[in-house]
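Below: one structure, written as structure tokens.
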Amino acid sequence: MEPRAAVLKLIEHKHLTALEAESFMNHVMKGEVSEILLSSFLTAMRFNGESVEEVLGCTLALRKNALRPKTVFPFDLLDTCGTGGDGQGTINISTLSAIVLASLGIKVAKHGNRSVSSHTGSSDILTRLGYQTETTQEEVEAHLVNRGFTFLFAPMWHPSMKHAGPVRKELGFRTVFNMIGPLSNPFSPQFQIIGVYQPELMELFIKVLQSLGLKRALVCHSRDGLDEFSIFQITDYTFLENGVISRHSFDPKILGLSSLNKEEVYASSSDHAEVLARKVLNSESIAGTHAVALNAGAGLFVMGKIDTIEQGYQIAKEAILSGKTKKYFEDLISKE
């Protein structure tokens with residue numbers, strides 16, 4: 001299908017097949033679609049509501065046009081990349097939980113970018129903490145093999161996205177590109193936890209992950225609006241295991257937490273986000289420790305290392321409080 005035909009189909013309020021969406025996005029990645037046509041495509045798809053097939057097709061195109069690792073990794077990989085954009089201003093919980101997971105022996109290939117709507121994106125906070133995120137492809141792969149943690153800076157691994165950049169910036173609203181980023185880790189991890197900015201996206205994302213063939217994956221959104229597990233409210237999540245999707249809720253009351261200070265997990269600026277992140281790593285933030293441990297616990301659950309998220313939370317919390325995570329991260333950045 002030619003790009004113009006795909007746009008006309010969307011304008012008629014019809015959804016594209018995965019193949020049609022992939023074809024259009026392949027043209028975009030090669031710089032063969034005009035800014036006007038791409039703008040029309042993104043706007044029409046947004047008005048119709050992105051379908052599973054459309055998101056899947058666009059994801060496949062982004063994956064195919066990404067740089068590929070030269071290394072064959074002989075171990076299971078986890079990514080904790082979320083959509084962001086929940087507008088809540090929390091600390092970088094998914095990034096900090098990735099560090100906790102790596103300190104517990106989980107191989108983490110963290111896919112991320114600079115800030116879009118928050119004070120600090122995953123790349124921003126890691127850089128502030130002393131971890132260099134914009135390195136060579138060879139270094140990124142070596143870090144994973146030798147250290148158990150690496151960061152894939154999205155603009156480096158998805159150079160073809162430069163063709164969509166100006167239109168995305170000019171439009172200024174969420175499009176399918178905000179969805180396919182977390183689904184397009186170039187290392188193709190078979191295990192993934194994704195927080196989404198809207199509850200209705202949980203079903204869409206888990207079905208796309210199912211189609212992509214992941215072994216185990218979890219997509220979550222909390223009832224207080226977070227794109228991660230909340231320590232203050234119930235978190236709903238969809239779960240994929242061996243091709244089967246199930247739906248669940250997690251109530252943090254089961255953890256027995258009380259009198260938590262929300263100010264310990266909400267940042268007012270980039271500098272403040274760094275201060276709060278360091279407090280978590282130094283075991284100086286009660287609420288921050290619980291929030292990061294809970295999300296790391298969910299990661300352990302996705303990896304199949306424990307039977308329940310609660311068990312994972314306890315293990316992750318101990319890693320933070322004992323100083324294990326701090327030592328791991330200090331060793332990590334000392335080798336930079």
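The backbone N, Cα and C atoms fix where each Cβ goes, glycine too.
Listed in Swiss-Prot for this protein:
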BINDING   GLY82, 85-86, THR90, 92-95, 110-118, SER122  5-phospho-alpha-D-ribose 1-diphosphate binding site
BINDING   GLY82, ASN113  anthranilate 1 binding site
BINDING   SER94, GLU228  Mg(2+) 1 binding site
BINDING   ARG168  anthranilate 2 binding site
BINDING   ASP227, GLU228  Mg(2+) 2 binding site
Among THR90, SER94, ASN113, the one of these binding-site residues whose Cβ has the fewest neighbouring Cβ atoms within 10 Å:
ASN113
Enter the number of other CB atoms within 10 angstroms of the CB of GLU228 (Mg(2+) 1 binding site).
27
Tally every other Cβ atom lying within 10 Å of the Cβ atom of ARG168 (anthranilate 2 binding site).
18
In sequence order, which residues at least six apart in the same chain have a CB under 8 Å from the CB of HIS111 (5-phospho-alpha-D-ribose 1-diphosphate binding site)?
ASP79, CYS81, PHE151, LEU152, ALA154, TRP157, GLY181, PRO182, SER184, ASN185, PRO186, PHE187
Euclidean distance between Cα atoms of ARG114 (5-phospho-alpha-D-ribose 1-diphosphate binding site) and GLU228 (Mg(2+) 1 binding site), Å:
18
GLY82 (5-phospho-alpha-D-ribose 1-diphosphate binding site), number of other Cβ atoms within 10 Å:
28
C-alpha spacing of ASP227 (Mg(2+) 2 binding site) relative to GLY82 (5-phospho-alpha-D-ribose 1-diphosphate binding site), in angstrom:
7
Surrounding CB atoms that lie within 10 Å of the CB of ASP227 (Mg(2+) 2 binding site), all protein chains:
26
Of ASN113, ARG168, ASP227, i.e. the binding-site residues, those within 10 Å of SER94 (5-phospho-alpha-D-ribose 1-diphosphate binding site) when Cα atoms are compared:
ASP227
ARG114 (5-phospho-alpha-D-ribose 1-diphosphate binding site), number of other Cβ atoms within 10 Å:
15
Could you measure between ARG114 (5-phospho-alpha-D-ribose 1-diphosphate binding site) and ARG168 (anthranilate 2 binding site) for me? Cα positions, answer in whole angstrom.
15
May I ask you to report the DSSP-based helix, strand or coil state of ARG168 (anthranilate 2 binding site)?
helix
Do me a favour and check the Cα-Cα span between THR90 (5-phospho-alpha-D-ribose 1-diphosphate binding site) and ASP227 (Mg(2+) 2 binding site); whole Å is fine.
10
Using Cα coordinates, what distance in whole Å links ARG168 (anthranilate 2 binding site) and ASN113 (anthranilate 1 binding site)?
15
